[in-house]
Amino acid sequence: MENNGSDRTGRRDEAVRAAVEQGLLRADAPIVGLLDVIGIRESAAELRAAFDAVVAPGTPVLHAFAVKATPLVPVLRLLREEGIGAEVASPGELALARAAGVPPNRTVLDSPAKTPTELREALALGIAVNVDNPQELDRIDALMRSATSRSPIGIRVNPQIGGGSIGATSTATATSKFGVALLDEGAREWIVGAYAERPWLTRLHAHTGSQGIPLSLMVRGVAETYALAEEINRRVGRRQVDTIDIGGGLPVNFASDATSPTYAQYARLLSDAVPGLFGGRYGLVTEFGRSLLAKHGTVVARVEYAKSAGGRPVAVTHAGVQVATRTVYAPASWPLRIAAYDGKGLPKSGADVLQDVAGPACFSGDLLAEGRALPLLEQGDYAAALDTGAYYFAHHYAYNSLARPGIYGFVPRGSAGGDGRVGEVAFAVVREPQTVAEIVAESGGAHASALTTLAPTASPSARP
Ligand SMILES: *Cc1c(COP(=O)(O)O)cnc(C)c1O
């Protein structure tokens with residue numbers, strides 16, 4: 001069953017109204033990020049159920065959330081409670097996962113640029129590592145000679161099945177920077193040899209999906225990876241590759257509240273196309289990011305001014321490039337839906353008017369939407385950028401030193417086991433709004449005279 005998202009729409013409308021009513025959104029707090037806790041739990045449950053339905057009983061399955069999609073500790077803790085681990089790709093992301101209490105055996109480290117220190121720490125913790133390239137494998141070899149590790153280790157391959165409609169997020173093109181390019185001359189032989197020489201290489205990894213990639217192409221990427229695992233095991237003469245990490249990359253529907261495609265659809269397509277992957281001979285790791293969080297986040301921003309230019313209405317809001325960087329810089333690839341709310345946080349009705357929804361940054365292209373048909377946004381109204389729970393407000397871009405907005409999770413009170421008053425919404429702080437004092441501190445405030453006192457000749461130790 002596809003979820004048409006009407007419950008989600010209702011929860012969001014209630015949350016926007018309550019955010020205004022409870023003063024989270026106000027004249028001097030003109031932008032917030034909101035996270036739908038029930039929606040996140042539902043997506044996690046859908047993910048688990050989708051793969052439970054296709055794997056043989058007893059198959060080990062780890063769903064590791066790609067932390068980069070929403071790098072917020074409370075979100076990682078919520079997902080942990082929903083049985084979801086973490087896929088990390090930097091020391092920062094690993095620290096977030098650990099702060100959320102995600103255990104090492106539910107954490108996977110992928111990154112194309114792991115330092116020796118990162119690798120040593122991962123192996124010491126027992127975190128799964130997917131090796132990106134031959135030079136990285138050399139580093140692991142050295143570490144494995146000097147210490148033992150519980151880390152399951154695999155190699156990331158790029159099946160080179162081609163890109164999708166968005167070049168910048170296509171990971172499986174012929175020249176992608178990720179993994180070992182499987183179709184390049186000699187690559188397959190090198191991989192089989194690498195496994196033959198290293199009994200501790202027990203996993204195989206590919207991540208070929210992303211926004212703009214059709215499911216059929218993602219399935220081909222997984223099929224190629226499975227075929228390689230079978231070949232490795234056949235040629236080394238033992239069941240050495242015991243787990244296949246199929247990555248994430250399920251695209252998200254940004255055009256309506258409906259969840260489409262669903263995890264269930266993808267899991268069924270995979271099990272039809274690659275039945276051997278689910279027969280119980282392989283454990284499974286997934287690394288979904290966007291599809292777990294995108295539809296559960298909303299940026300709500302106050303309309304500071306409503307004006308007109310060249311005959312077009314322009315709503316100047318507090319949400320722009322700092323919270324919707326991809327959309328502002330690449331609007332054709334990353335269009336966002338905008339919902340209009342009035343000054344009380346109630347959905348606006350009225351005839352659609354073509355208008356621009358602008359952000360606060362000082363460049364003319366800072367537009368959330370251009371020429372969009374919406375009820376006319378007026379001063380004091382709110383504009384909501386929908387489906388922004390992944391890769392948007394959690395990915396602040398510090399243009400114009402605009403502050404990171406506060407992020408709040410919400411649940412309808414009845415469902416939280418509270419007093420059940422209809423229409424009440426409970427909020428929890430996920431991330432405090434950034435203060436201007438913090439902006440100064442993070443912008444070298446403690447080093448104000450660093451450059452004016454830097455002497456051209458004397459070294460610091462030689463200064464009087
Ligand atoms: C970004 C990334 C993911 C998650 O991708 P989504 O499109 O957000 O699902 C998973 N695995 C790796 C290696 C990634 O780089």
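Cβ atoms are placed via backbone N, Cα and C, with glycine included.
TrEMBL labels come from automatic prediction, so no person has curated them.
The annotation active site, proton donor is assigned in TrEMBL to Cys362. If you look up TrEMBL, you'll see 60-293 marked as domain 'Orn/DAP/Arg decarboxylase 2 N-terminal'. Among the features that TrEMBL reports, domain 'Orn/DAP/Arg decarboxylase 2 C-terminal' is placed at 295-389. What TrEMBL lists as N6-(pyridoxal phosphate)lysine is Lys68.
Other C-beta atoms found within 10 angstroms of the C-beta of Cys362 (active site, proton donor) number 9, with every protein chain shown included. Comparing the residue listed as 'N6-(pyridoxal phosphate)lysine' with the residue listed as 'active site, proton donor', their Cα atoms are 27 Å apart once rounded. Within the domain 'Orn/DAP/Arg decarboxylase 2 C-terminal' (295-389), the DSSP-based counts of helix, strand and coil residues read 7 helix, 45 strand, 43 coil. Confidence in the domain 'Orn/DAP/Arg decarboxylase 2 C-terminal' (295-389), given as mean pLDDT, stands at 97.
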